[in-house]
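Undergrad: These came from TrEMBL, pasted as-is:
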type	residues	note
ACT_SITE	C106	active site
ACT_SITE	H408	active site
ACT_SITE	N430	active site
REGION	17-39	region 'Disordered'
Amino acid sequence: MRLVSDTLLDEKRAARRSLLEGQGSPHRPHKAPKSADGSLKLSNISEWEASASSPVHTLARTVLPLSDLSVLQRRSVHVKDSPHVFNTEVEFKTAPIANQRQSGRCWLFASTNVLRYPIMKKLNLKEFELSQSYPYFYDHLNKANYFLELAIEDPELPLDSRLFSTLSRDMISDGGQWDMAVNLFETYGVVPQDIYPETVHTSLSAPMNKLLKTKVREHALVLRKLAASLKSDNLSKDELVASLRAKKEELMAETYRIITATMGLPPKPDEKFVWDYYDKDGKYHKWEGTPVEFYQQFVGKQPAESFSLINDPRNPYNTLYTVDKLGNLWGGRPVLYVNTESEKMSSTVVKLLKAGQPVFFGCDVLQQEDRQRGILDLDLFDFETPFDIKLSLSKAERLALGESSMTHAMVFTGVHLDENGKPLRYKVENAWGTNIGKEGWFVMTQEWFEQFVYQVVVPKSFAPKELVKVLEAGNPTVLPAWDPMGALA
């Protein structure tokens with residue numbers, strides 16, 4: 001027997017889907033405004049107050065001034081999502097739950113969490129983490145170089161232009177994308193966390209990043225001024241670039257000193273290290289080699305052969321996209337996305353999980369989220385009843401308006417399927433420690449996936465063939481640097 005509350009919830013879901021699909025139409029004004037000049041009048045406030053006299057709004061005014069908005073969570077959703085039970089999971093279990101602490105390195109935690117699966121299986125390990133600080137170090141160093149190369153590429157770009165302000169605003173951030181992670185892994189390799197552990201500044205990155213951004217912006221101005229002063233020397237384009245790069249390398253020494261002082265000196269990618277460890281049976285082992293050799297031996301080619309599917313309803317599907325001037329390694333692998341329907345993304349995720357493959361994905365984790373319980377559910381909060389409003393933005397509209405974007409990366413490790421093989425909910429590995437979620441794990445509903453998951457990373461061998469062809473055909477459509485698809489997880 002279905003409960004009345006369940007029926008009402010279903011009706012609200014249907015109404016919301018109708019609005020999200022664009023079937024709802026906004027009311028059109030049919031009377032003269034009370035304020036002819038557009039300013040706010042007391043008569044406006046009086047009319048609005050009269051419209052807020054319902055018992056529900058009276059109750060909301062009584063409760064909400066003394067509570068945060070978490071009080072509007074539906075208990076029925078807590079009950080529905082509290083059992084973290086899934087009938088399809090990646091068989092091999094990794095541990096421990098990682099913790100990015102007070103930093104924005106989720107993309108490096110999610111990618112290294114995926115990479116540690118084959119390493120732990122091959123080495124028979126019970127617990128293991130790759131160093132997230134190791135790629136983080138080289139990412140910061142390369143992002144500084146990338147921004148200065150952009151300054152060399154166009155030294156006359158106006159400082160107040162939208163492009164320059166976008167590039168300068170956050171040129172050394174903690175965030176990144178899958179292709180940027182692959183750049184780091186393929187160039188610098190990986191190391192166990194014991195070889196290059198956390199420091200205060202990798203776990204609490206804002207103060208270090210603030211100093212780095214200040215210095216690198218200053219370096220960009222130095223290069224722009226030098227380019228202007230060299231104009232009268234009648235240099236060729238190549239000679240001018242060579243002169244600016246020589247100066248850039250001199251300036252980058254300061255960036256290097258800041259990064260090594262705050263993060264510590266990492267191994268070089270071709271420098272041998274010795275790693276002593278126990279397997280899950282307590283047997284001692286020793287491995288010796290370089291970070292690149294460690295990556296090649298235990299991880300292999302799959303990261304480089306994987307690519308991003310995205311769901312961006314603003315733009316045509318079955319199309320390859322990139323974002324202007326988005327990257328970390330100058331001359332490295334570009335950030336590429338193949339746009340497709342959400343259903344194709346979820347079916348591919350299910351295919352991977354059935355094959356025992358964890359899946360890196362990007363989403364907007366701050367939407368309809370209970371982080372303490374680890375719930376991502378479209379029906380979690382009831383904002384509509386107490387405020388007497390409807391929330392009707394579609395996924396495309398949220399992207400276009402800046403309401404939502406791809407801001408966090410995590411890993412799918414399981415899914416619960418119905419009797420027809422359709423996904424109902426997903427098991428999600430986060431990197432916020434064991435005190436967040438259910439001992440670090442989240443549960444995500446299929447409806448939440450459809451609205452707030454923007455990216456999944458898949459090996460070519462598991463991706464739909466027609467989408468692989470789109471990737472391999474190349475010639476991507478270039479989105480502007482400020483496009484929401486340029487958001488860094």
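In case you wondered, yes, glycine gets a Cβ from its N, Cα and C as well.
Because TrEMBL annotations are produced automatically, they should be read as predictions rather than curated entries.
Situate these features within the shown structure.
TA: Within 10 Å of the C-beta atom of C106 (active site) sit 25 other C-beta atoms, taking all shown protein chains into account.
Here H408 (active site) comes close to C106, G362, C363, D364, V365, L366, A489: these same-chain residues lie at least six apart in sequence, with C-beta atoms under 8 angstroms from its C-beta.
For N430 (active site), the same-chain residues 6+ apart in sequence whose C-beta sits under 8 angstroms from its C-beta are I97, G374, M410, I436, G437, G440, W441, F442.
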